[in-house]
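Chemist: Here you go, one structure.
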């Protein structure tokens, strides 16, 4: 089975990716792992990627695509299939993936897309507060303080949010993700591959729904 998994930050993609890999015995391929392995093994594309990273530059698409193709060409992929996580990030990468899969004779079976309302994700991702005095961490929904505004550990009233946890920052980050992922999802929908999964349910129910669509 050859799969992609998609979903906005905070949608629970990582948890469900772990389940799919364990349940279906496919290889979990994440962009970070691929880059690290390619650089460690000093593959042609790995050396190229390292040359950009060492200069503090963004790795161009053609190098990223090359690293993905190197990984998909390996024997364990032919034997067990894959779950691709974190790629493609742009519509150009999606078209490149189509081409490389065709060249390698690999068929993509499904795109698992975990759907959660962005407003809910803002709440999930922006609810973290930290005690400036002792460093204890809280979440306004999942782990609130017993007394509002007071640290359970040290009793301090000095609770703060990190800049990247502020709702406006989180919303901006999600907006960028939505803008980039929308054409990719549309592309795979046209190919009849997208399986939309309701991600606002309990984790176990999300997992059950994935089992239903993948068989």
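Here the Cβ of each residue, glycine as well, is placed from N, Cα and C on the backbone.
According to Swiss-Prot, the ATP binding site annotation covers 10, 11, 12, 13, 14, 15, 128, 137, 138, 201. As annotated by Swiss-Prot, AMP binding site applies to 31, 36, 57, 58, 59, 86, 87, 88, 89, 93, 162, 173, with the evidence given as sequence analysis. According to Swiss-Prot, the feature Zn(2+) binding site maps to 131, 134, 151, 154, an assignment based on sequence analysis. Marked as region 'NMP' by Swiss-Prot: 30-59. The region 'LID' annotation in Swiss-Prot covers 127-165 and rests on sequence analysis.
So that I understand the layout, could you describe where these features sit and how close they are to other parts?
Modeler: Secondary structure at residue 128 (ATP binding site), taken from DSSP and collapsed to helix, strand or coil, is strand.
There are 10 other Cβ atoms within 10 Å of the Cβ belonging to residue 162 (AMP binding site). DSSP assigns residue 162 (AMP binding site) to coil in the three-state reduction, outside any helix or strand.
Secondary structure at residue 151 (Zn(2+) binding site), taken from DSSP and collapsed to helix, strand or coil, is coil. Long-range Cβ neighbours of residue 151 (Zn(2+) binding site) (same chain, at least 6 residues apart, Cβ-Cβ under 8 Å): 131, 133, 134, 136, 138, 145, 157, 158, 159.
In the predicted model, the region 'NMP' (30-59) shows an average pLDDT of 91.
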Chemist: Just going by other Cβ atoms within 10 Å, which of the binding-site residues 10, 12, 14 has the emptiest spot?
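Modeler: Among the binding-site residues 10, 12, 14, the lowest count of other Cβ atoms within 10 Å belongs to 14.
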Chemist: By CA distance, which of the binding-site residues (57, 59, 87, 89, 162) lies nearest to residue 14 (ATP binding site)?
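Modeler: That would be 87, the closest of 57, 59, 87, 89, 162 to residue 14 (ATP binding site).
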Chemist: Restricting the comparison to the binding-site residues 31, 59, 154, which residue's C-alpha is spatially nearest the C-alpha of residue 12 (ATP binding site)?
Modeler: 31
Chemist: Just give me the nearest neighbour of residue 87 (AMP binding site) among the binding-site residues 10, 128, 154, Cα to Cα.
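Modeler: Result: the closest of the binding-site residues to residue 87 (AMP binding site) is 10.
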